[in-house]
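Structure record follows, encoded as structure tokens.
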Amino acid sequence: MPVRTVSRKIDTVLTNEILAKLKCVPARYNSANTPEKCMEGTRVDVIKDVVTRLSAPPNSAKQVVMLSGCAGSGKSTVAKSVAAILAEEKGTLAASFFFSRDYTQRKEITHLPTTLAMQLADYDAAFRARLINLLESDHTGLLDAEPHLQFQKMVVGILEKLPRSSKPWIICLDALDECGKDRGQIFLRWLSDSITRIPDHVRFFLTGRPDVPSYLKLDTLVSLTHGVVLDEIDIKLVSKDIHHYIKQSLNGANWTTRHQWKIQDRHVEELTNRARGLFVFAATAVRRVERWPATIPTLAGHTNQVHSVAFSPDGKHIVSGAYDSTVRIWDAETGAALGGPLEGHTGGVTSVGFSPDGKHIVSGSCDHTVRIWDTETQAALGRPLEGHTDMVYSVAFSPDGKHIVSGAYDSTVRIWDAESGATFQRPLEGHTNGVTSVGFSPNGNYIVSGSYDQTVRIWDAKTGAVLGRPLEGHTDRVLSVAFSPDSTHIVSGSGDHTVRVWDAKTQTAHGGPLEGHVHSVYSVAFSPDGKHIVSGSNDRTVQIRVWDADGGASLEKPLKGHTRGVYSVAFSPNGKHIVSGSYDSTVRIWDAESGVALSEPFEGHTDEVTSVAFSPDGKHVVSGSFDQTVRIWDTETGAALGGQLEGHTDVVNSVAFSPDGKYIVSGSDDHTVRLWNVNTGAPVGEPLEGHTGAVYCIAFSQDGRHIVSGSHDHTLRIWDAKTGAALGGPLAGHTEAVNSVAFSPDDKHIVSGSNDHTVRVWDAETRAPSSVPLEGHTSGVRSVAFSPDGKHIMSGSCDRTIHVWDVLSVLNQSSVLPHARAPNGHNLLNVGPLSSPHSVFA
């Protein structure tokens, strides 16, 4: 081999060794985990404008082009598209760096100078030669120098010595607002100090949120910068692009083949309007729609509207009732009709249901009658059950299958003997308007009914007597409840758009309803000092409001910032801050006194945030999301601590910190519970497996030794928080999904609420039930909690009521009726809805 060739190879090896000492980050525009480009046909005008300005001759071009826009406006996708055109079509992209809070190396400015220097060396041979000479003469000092000095020497110092080029050199820096807590100010100061030394053929394309351009006004960059503001582009043009994006995404081959139908123009229009100019909304909507499973064939056979359907107890069959006056039975797996229609009613069928053993079907009709059918032969059993004087709207079997209850528009409830068809006793009268819904309690002792008169009533199934007064209070369903720290007040949020505060002792409303929300209130909580209440709503403005718990007056303007519904809120341990998680995929922290957002939204999740919680010291927040991940955030800087915690394979429904703040527990639709180390973000051990359905709720014991989880599989499980081992078998007793769980303050008991309408109390050590099921709710129980002194349990339900239970009475009763009375006249077990006059504290 010639000596000259050997010499060149040696030089190349030595050169590569020198450059390899530079600490560079994979942050180019085409690196992994950078944003997607804009869909073809969208953002055409803004991309063209930016490319044109960056490519203009030196004497007519600004040296800096700054693209700004609010969160979700699509800045990074535009930056990716511009960078791709400059690199792949024009050959003028000299270097690029895409900042991101999601990746440790790309969320700081530390390695920006060395990364730019390496990319510029790859782009131009003359720059490369000067960089190598610089590193050979002073490599030790530069490699360990401050980033500002590295930028001055490795980038600016070399650029100013190079001859002017006839072709532009473009340096693209995306998302300056994500490069550390200074949000781009440091780099812009570097650039301001150096811009006069950098040749004018070197251009900078920068992107960031609206606050980033404001930093330019303080320095010499302002005269050299052209600003492009996405938020100021005509909303009609943006909406046109969003419309195109949604339509193209959802009418693709994969979508139409899998789902056998095309998205309709009206659907595209609706999503476009809801996006309000935000591409992130459109992208999220597309992802959610694409996750819809393919549907089974339509069960065709009825010739008029289907009003009621029900599964058989074994899940193998479906029964349906329709306004064509018929009942039909279907194979649940294949969708095939089993036999012909069950005919006999002379009016539309409004309600159907299977008997507990699946052998019979009951139906109610507009013809004022109830009918019973044999599931196997499909024959009507006996004559129609007659007695109601108006349409029958709801029917149900008792748990033992011996009786049927029906509710009708004649404002009455009736009980029937399922074998003979005889009316069991006189009509149950008390409602003042049509009865829309009826059902038996699981033990068969009680019947509950709901009515257009806006009340719920409870009846004795044996005597037909009404138990207590109508359950009144809110004018719509109750969605969320919480105790004050001193147990003297309760707060509730409702579908009637209001928050109510109740005096727990007198069970009277504490002042009037707290108004201001214009949609259902989904989440409420007291601050630790009991002086404030936070409420989250799904109203159009999607606001969080802070209230004065004493007077009910709004302290400040609503806390505005989220762009979609607020799913979860919580106070910090010291009561000074509020954290909120939203459908807009972000987490926000607010000052509880002033209502001011303490930072930009914490961004990183790619789908709805379902659950948020503060660490015990208030320094961190944990969040769970539909994107199947858990994230930990620094409450002061808003930075994500490490990457996302990955491991779950489905939606994360619930998250919580351990009492010592060292661990996080999460529950997911993937049927598992996972433990995570807060410091490392690593999973602790294997997933805790045992549930056979989605895990909806989790909680640590007060001493941090145990975890309890509740699941769609109807059970609770207790786990050793240290080993991850299940402590015994499942806690079985509920007959529907478990929605909420909590430990008592002394860790001796666990309370659970379920879709089976009951609350249950368990012995945490023996895992056995501590009492009979607590009955009284007439719909699913969504939330349960112990009072801080452990003397009471509160439950909130979809039946629009809140119930308070005396723990001592609960543990001492083996069988008790709802609203059972002690000798002193106070409620012994269930003190009922909060509009009741009876005292919680007997």
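Glycine residues also receive a Cβ, built from the backbone N, Cα and C atoms like all the rest.
Look at TrEMBL and you will find 63-211 tagged as domain 'NACHT'. Under DSSP, residues within the domain 'NACHT' (63-211) fall into helix, strand and coil as 80 helix, 24 strand, 45 coil.
Long-range Cβ contacts of the repeat 'WD' (299-340) within its own chain (Cβ-Cβ under 8 Å, at least 6 residues beyond either end) map to 346-354, 356-358, 361, 363-367, 373, 375, 378. According to TrEMBL, the feature repeat 'WD' maps to 299-340 (among others).
Helix first, then strand, then coil: DSSP counts for the repeat 'WD' (342-383) stand at 0 helix, 20 strand, 22 coil. For 342-383 (among others), the entry in TrEMBL reads repeat 'WD'.
Per TrEMBL, repeat 'WD' is recorded for 385-426 (among others). Sorting the repeat 'WD' (385-426) by DSSP state (H, G, I as helix; E, B as strand; all else coil) yields 0 helix, 20 strand, 22 coil.
Per-class residue totals from DSSP over the repeat 'WD' (428-469), listed helix then strand then coil: 0 helix, 20 strand, 22 coil. As annotated by TrEMBL, repeat 'WD' applies to 428-469 (among others).
Computed over the repeat 'WD' (471-506), the whole-number mean pLDDT of the model equals 69. Per TrEMBL, repeat 'WD' is recorded for 471-506 (among others).
Under the heading repeat 'WD', TrEMBL lists 514-544 (among others).
The residues of the repeat 'WD' (559-600), classed with DSSP into helix (H, G, I), strand (E, B) and coil, number 0 helix, 19 strand, 23 coil. Under the heading repeat 'WD', TrEMBL lists 559-600 (among others).
Taken from TrEMBL, the feature repeat 'WD' covers 602-643 (among others). Tertiary neighbourhood of the repeat 'WD' (602-643): same-chain residues 71, 101-104, 107, 180-181, 284, 287-288, 564, 567-574, 577, 579-589, 649-657, 659-661, 664, 666, 668, 670, 674, 676, 678, 680-681, selected by CB-CB distance under 8 Å and a gap of 6+ residues from either end.
According to TrEMBL, the repeat 'WD' annotation covers 645-686 (among others). If you look at the repeat 'WD' (645-686), the same-chain residues 6 or more away from its ends with a CB under 8 A from one of its CBs are 610-617, 620, 622-626, 628-632, 692-700, 702-704, 707, 709, 711, 713, 717, 719, 721, 723-724.
Annotation source TrEMBL lists repeat 'WD' at 688-729 (among others).
Listed by sequence, the residues of this chain that lie at least six past the ends of the repeat 'WD' (731-772) yet keep a Cβ under 8 A from its Cβ atoms are 441-442, 448, 693, 696-703, 706, 708-718, 778-786, 788-790, 793, 795-797, 799, 803, 805, 807, 810-811, 813-816. Positions annotated as repeat 'WD' by TrEMBL: 731-772 (among others).
According to TrEMBL, the repeat 'WD' annotation covers 774-807 (among others).
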